[in-house]
Amino acid sequence: MKKKRYHPLLILFRIGDFVKSYFILFIILFIVNAGSRSPVLTYGRYLFLLFFAIVMVYHFLKWYTHKYALDESAFHLYRGIFNKTERTIPFSKIQNINRHTSFFHRIFHVTSVSFETGISGDEAAVLFEVITRKEAERIIDIVQNDKRKTFEPDAEEKEKERVVHFKPTRKDTLKASFTSLSPLAVIPVFFSFYSNVDDIVDIDKKARGMLSYIISSWWIVSGIVLFVALIAVIFGMARTFLKYGKYEISSDDERIYITKGVIEETSFFIEKHKVQAVEVEQSLLKRLLGLAEVKLTSAGRLDFEGEKLELNSLYPFLPVKRAYEIINEILPDYEVAQEMRQLPKKSLWVRLLAPSWIWIIATVVLYFWKPEIFGLRVPWWLLSAFLFVSILVARWIGYLHTKYVLNDRFIQLQSGIFTTSLFLSKREKVIEVRVSRNFFQKWLGLASIETINRAKPIQFNGVKDVPTEFAWMFYKWYMGRGKEVKVE
């Protein structure tokens, strides 16, 4: 077992992170106030350079002393500049393997790999922030071969053929750019640029005369509005293309593979036997455009470098029909029911008659505050009535969207108001259920049900105000899972 140092470019990578974190401070000290003789700025420059030198030395020593090694069954990680430690992580604990290739990695023809375990905390993953692609493939092959032998000791090794299920077309990318509201992302970019420039130049003072001239001419205002709208659309399309342009969903018999990103590429897989549930989510805009997002609840940790990169989402802008087809293709054991049961009429009355604390508190605030809208004084009771009607309408919409169905092996629940969520799970994947009833539910023969699935964090899903008969049927359904549960 030979110990290896990490790739030397790791030093440059971490120094680059330092530069990004303190770039604004560098600009202020060495460019904006370059000619200043202030003692604070002068000593600040010396301290900054000293701090930078210390960081460089620290990262060099960290690279020189930190090593890794692999044997037939585990990672061995060696840490510490002065206090040496050794960690051993068996390959059997690895639950997900994620790859990410940023612009920095592309320049130097390297990549980064994260081997995620099921534990939480800073040591939840074996992370190679910079590694050659050849070495990454070698390590991934070793880990996957060991896991295959562990779970399938008698299976013959054979190359798994991947089936590509989805690649977005130009039309899909165009729809995604509007559905994701990416054009609006130009607004924070503009204000960030404005704020940074205003720190150097007093824009407000210089812009007053120009602004009064622009407002006085309607055709200039119209031209600016059209120009900004065009820039926003182009920016949104470019942003969406860079994120979803090379998206691909594929699978083999054991895993689901997802690759995304044009400049910064991320690839990962989810093992099928670790999928705990499927969720189909639709916002109001997606429902109007006939799109949906399919999410997979996995038992493994789905974070990369401290950020949740939507690793549980197949694709956020799938056509609805294609979304259900993909679920059946990649997870043949899961059956999406096309017809679901609606809540009884008495459930609607329970929801409509339940007190709303938001409306009560808002009414009290409006009574004492008496706000003005666009310079007009609106009676407080009119605003209160509008809020009350809005709450009733939202509850009515929630009632219409709430549905449920139960069969021999699956439970399927749907809920939501403006954003609807359809939840589907197998009985063997549900680790706990809850049935509860409050006073009004007991009186009307209703109950609330809830399922708990293993995930990080634990996933809760449920439906309120179902008939009592269905609630007890749900409880008995769960009790029959004993013969289906397999120890993973």
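For all residues, glycine too, the Cβ spot is worked out from N, Cα and C.
On a predicted model such as this, the values are computed, not experimentally measured, just so you know.
Sequence-remote contacts of a segment are chain residues at least 6 beyond its ends whose Cβ falls under 8 Å from one of its Cβ atoms, and for the transmembrane segment (12-31) they are 41, 44-45, 48, 52, 55-56, 59, 104, 129-130, 196. As annotated by TrEMBL, transmembrane segment applies to 12-31 (among others).
Here TrEMBL flags 43-61 (among others) as transmembrane segment. If one looks beyond the transmembrane segment (43-61) by at least 6 residues along the same chain, the residues whose Cβ comes under 8 Å of a Cβ in the stretch are 10-11, 14-15, 18, 22, 25-26, 29-30, 81.
Per TrEMBL, domain 'YdbS-like PH' is recorded for 63-141 (among others). For the domain 'YdbS-like PH' (63-141), the model gives a mean pLDDT of 89.
According to TrEMBL, the transmembrane segment annotation covers 176-197 (among others).
Among the features that TrEMBL reports, transmembrane segment is placed at 217-238 (among others).
Residues annotated as domain 'YdbS-like PH' in TrEMBL: 247-329 (among others). Counted with DSSP, the domain 'YdbS-like PH' (247-329) comes out as 19 helix, 38 strand, 26 coil.
Annotation source TrEMBL lists transmembrane segment at 348-369 (among others). Here the transmembrane segment (348-369) has long-range neighbours at 380, 383-384, 387-388, 391-392, 395-396, 398-399, 440-441, 444, 446, 465, meaning same-chain residues at least 6 beyond its ends whose C-beta is under 8 angstroms from one of its own.
The transmembrane segment feature in TrEMBL is assigned to 381-400 (among others).
Per TrEMBL, the feature domain 'YdbS-like PH' maps to 399-456 (among others).
As a summary of secondary structure, the domain 'YdbS-like PH' (399-456) carries 12 helix, 33 strand, 13 coil according to DSSP.
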